[in-house]
Amino acid sequence: MMRILVTNPAPMTCLPPWIIIDPWLQQWLAEDIGRGDWSTQGLGLQHRGQARWVAKENGVIAGLPMAARIFQLLDPSMEFQVLAGEGQAVTASTVVATMAGNLGSLLTGERVALNLVMGLSGIATMTRQYVQAIADYPTRFVDTRKTTPGLRVLEKYASRLGGAMNHRLGLDDAVMVKDNHIQAAGSITKAVQTLRQNLPYPLAIEVETSNLEEVQEAIATQVEIIMLDNMGTDTMATAVKLIRQANPLIRIEASGNVTLANLTAIASTGVDFISSSAPITRSPWLDLSMQIVRN
């Protein structure tokens, strides 16, 4: 009998409240400013000024509300107008935001704000490429827990903006029995049996498999999700057929060595999900620049 499925109730479709984010932003500003922004302070740039942010290449925007917040922490009167919505695709030379306020605050906050938005937009951009590559298939692209410590919430937020589904936000969202768990427990069967005896409440259980023998064993345990890890597409297609014939309610995830080049081949095997850490761990930053507007 299939167990009750409990999955993450709050995918990162929106940012956490400012009461949570503000300390992060203040810490990052303090890291950059140190004992003072001598370049800006030395020039006495405390009058009102204007600036705009421009995309220097095509991509997907993520994080502009946090950029606005960074500038407003430095200058509460700062006016920040977002011209590109979160998750919006933009082309090179697009003005994505304009701002007006204390010129010194604009220059002091520039690097921290740009770094944050460029990094998150890079994740959203590469994620969108992965999602679009399998748009003709029912397969969904999902992210992983391979994130920068302390930045998981923001990186998974950018991943969602790119179109991915969030996998576990943390270890408490669901149970994933990986190769080291299996090695420690003795077998897939022993691991799943022990988990079902000891879990405090019903959680979805996913088992990682690397060959057809392990797939058969995982099927017999009636887990909710079976991961096909680092399998060739021929073996993967056979595994999908075995699982569907045995129990069509079991969901199937493909993972390991996933690239843009092999995404469609993997999706064509019939898996439900394809997971990859690449958009978060390997995406280049989206190139943006701030331009001071002279009156």
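Note that Cβ sites are derived from N, Cα and C of the backbone, with glycine treated the same way.
Arg168 (substrate binding site) carries neither a helix nor a strand DSSP state and counts as coil. Summarising the annotation, Swiss-Prot assigns substrate binding site to Arg111, Thr144, Arg145, Lys146, Arg168, Lys178, Glu208, Asp229, Ser255, Gly256, Asn257.
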**Message:** Cβ atoms within 10 Å, counted per site: which of Ser255, Asn257 has the most, among these binding-site residues?
**Reply:** Ser255
**Item:** Taking residues Arg111, Thr144, Arg145, Lys146, Arg168, Lys178, Glu208, Asp229, Ser255, Gly256, Asn257, which bind substrate in the record, the widest Cα spacing (Å, whole number)
**Value:** 41
**Request:** Using Cβ-Cβ distances, find the residues under 8 Å from Glu208 (substrate binding site) that belong to the same chain and are at least 6 apart in sequence, listing them in sequence order.
**Result:** Met176, Val177, Lys178, Asp179, Ile182, Met227, Asp229, Ser255
